[in-house]
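Copied over from TrEMBL, here are the features:
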| type | residues | note |
| --- | --- | --- |
| DOMAIN | 8-340 | domain 'Acyltransferase 3' |
| TRANSMEM | 12-27 | transmembrane segment |
| TRANSMEM | 33-54 | transmembrane segment |
| TRANSMEM | 75-96 | transmembrane segment |
| TRANSMEM | 135-155 | transmembrane segment |
| TRANSMEM | 167-186 | transmembrane segment |
| TRANSMEM | 198-218 | transmembrane segment |
| TRANSMEM | 230-249 | transmembrane segment |
| TRANSMEM | 255-275 | transmembrane segment |
| TRANSMEM | 296-313 | transmembrane segment |
| TRANSMEM | 325-343 | transmembrane segment |
| TRANSMEM | 357-375 | transmembrane segment |
| DOMAIN | 401-606 | domain 'SGNH' |
Amino acid sequence: MMSIKYRPEIDGLRAIAVISVIIFHLNETWLPGGFLGVDIFFVISGFLITSIILREAEENRFTFKNFYTRRIKRIYPAFITVMALVSFVASAIFIYKDFNQLRKTIELATVFSSNFHLGLTQGYFDLSANENPVLHIWSLAVEEQYYLIFPLLLIFPYKKLRNIKALLYITLLLFFILTLTSFIPLNFYKNALYQPNIYYLSTLRFPELLIGSILAIYNKLTNQQSNKSVSNIIAISSSILLFSCLFLIHKNMNFIPGITLLLPCLLSALIIYSTTQQNIIKACLSSKSFVFIGKISYSLYLYHWIFIAFTYYITGEQTLNNAQILGIIVLTVIFSIVSYYIIEQPIRKSKLTFKKAFFYLYLIPSILLIGYNIYAKGKLKNEKEHIGQDISNVDLEIDIPAKILTIGDSHAGHLDYFLKYVGKQEGWKSDILNLGPECQVMVNEVSQVIPECQSLWDKIAKYDVIFISEFYDLRMEGQPVPRFEAQSYIVPNFQQRFKSMVKKLSESKPVYVFANNSSITRPPIRGYLLEKYGLEKYLQPIHRMGNIDASNKIIRDLVKDIPNVYWVDAQQYLPEDSVIAEGKYLYRDQDHLTNFGAYYMGREFNKHQRIFTREQVKNLYK
């Protein structure tokens, strides 16, 4: 019984891949194309898995049960250990919203579908990408999906045809079909997904694994080595070009996964192909240091990012200093070596059957992990209630109909207790309507109501007065909030369309446009949680971002000359130098007020001015 020959240079190539990824994550300016290390991993995985399947199929000893037993033993023990560590630490230091988002990603990761979750979410209210300790497992999801699908596509045609050449043609056809789908994001995916996360899609990554598979099938078909001098030239030139890609390709390029990334993948395949012969590249990649790093590369990949993400989360900063980088490297190496020798190797070499591997290594640990996260979520609800600053002891109810409607996005919603307090003091009541992502501006460039927003427009028509409160800055690319990609929330021609919407609304009723509040550098609740562990001293001091007065002036100038439109600036009564008042938090995250914060703003506003005169309220409710 033959097994595929061990090739130490492939472990060396793994080392290059994981080192590139780690350097990129530590400081992307050091190696702008370091993220291509993931693509190198994909090519290696496609090549090795296909080589193994073909060899076993040729010897009539391939079974799906044995194949997936090996996959479980190879992938899951280290993976579930890291997920358990992440869950334990996150349940101690994450705020409720962030932990709940993380919990969902981990649950989907146990069935290797987290990449779809990240592609469909990871937006405005989600945990910042830099602070998500399981963000990197999207690549494992892609690989496992490939391992589930490709063996079926490979084995059945091979058993039926027993023709390697036909198998090569089938795989090439599949490669070209999937590569063509890479052009779709410019159209379909742009509307269906949060745009930056097209990066996570399996269909755009499978071609990279297929490159490795095609190489394995080609090697099986030809079964001969290339000329030694030719292979040396190919190996050297491919290595030089691949390293050039690592320095020249960067994340801000307008690239399409599946197209732009094919070049480094093809170069990786050429290195694998050409290093079957002894040459200088094979010798370098086969060195003891590279081989060792390659052997522990899986654990290095799993651990390095969780330490980086937790550091970002604890400090609230966007970059790492030298001391942090050194600490992350040391922790990553220690945990990876321990994982390799204590977890990976013993379990990988064990004689567990498929049934035992499935139950003891996959099912039971997954259930325990999910159960713990559900339990931790329940405990963190107490923290959520704390930051929400329940003010139920203050009677803000008023038994009158709501004649006013407050519209906008979440920046309308967080005014709830402001509206309740001021409304009770002045004698009016307001409902709140979130317009949703498609209708933040309900008219188009020619001042016509967008058809998809007509039902909302009809609902607005039933009220006598309209309040508008939105995250204007976000819509027109103003002050940034680091936890999300603002590009995805910019509304084309926002200023013109917003002015047209306000003007159209004001033709039939008074419209009050509210100033937006400042954003802050990090959620203040993190200090509350981290102080339990003495970590609050590592947090970046909170300060306001951008120039909110300049931003609000843009909106005010847009509407100031429109008849029947009024400007309300309540945010000026929030403290300028603090996010706490009377010992309570004013902000629940980087740009939304807590219930107490809204109540406090309303109380301070009411001390200095009114929204309506008494006569206006009397006329409103006559």
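Positions of Cβ are set from backbone N, Cα and C atoms, glycine also.
A Cβ distance under 8 Å defines the sequence-distant neighbours of the transmembrane segment (135-155), meaning residues of its chain 6+ beyond its ends; these are 38, 41-42, 45-46, 49-50, 53-54, 57, 62, 64, 67-68, 71, 75, 79, 109, 112-116, 118, 129, 167, 170-171, 174, 200, 202, 205-206, 209, 213, 301-302, 305, 309.
When each of 33-54, 75-96, 198-218, 230-249, 296-313 is scored by its Cβ pairs under 8 Å to the transmembrane segment (357-375), the top-ranked stretch turns out to be 75-96. Counting residues 6+ beyond its ends, the transmembrane segment (33-54) has Cβ neighbours under 8 Å at 4, 10, 13-14, 16-25, 62, 67, 139, 142-143, 146-147, 150-151, 154-155, 158, 164, 205, 208-213, 215-217, 219-220, 242, 245-251, 261, 264-265, 268-269, 272, 301 in the same chain. Looking at the domain 'Acyltransferase 3' (8-340) alone, the prediction's average pLDDT is 87. Among 75-96, 230-249, 296-313, 296-313 has the largest number of CB pairs under 8 A with the transmembrane segment (12-27). Long-range Cβ contacts of the transmembrane segment (75-96) within its own chain (Cβ-Cβ under 8 Å, at least 6 residues beyond either end) map to 102-103, 106, 109-110, 133-134, 137, 140, 144, 298-299, 302-303, 306, 310, 313-314, 339, 343-344, 347, 361-362, 365-366, 369, 372-373, 376-377, 379-381, 383-384, 387, 523, 525-526, 529-530, 532-533, 535.
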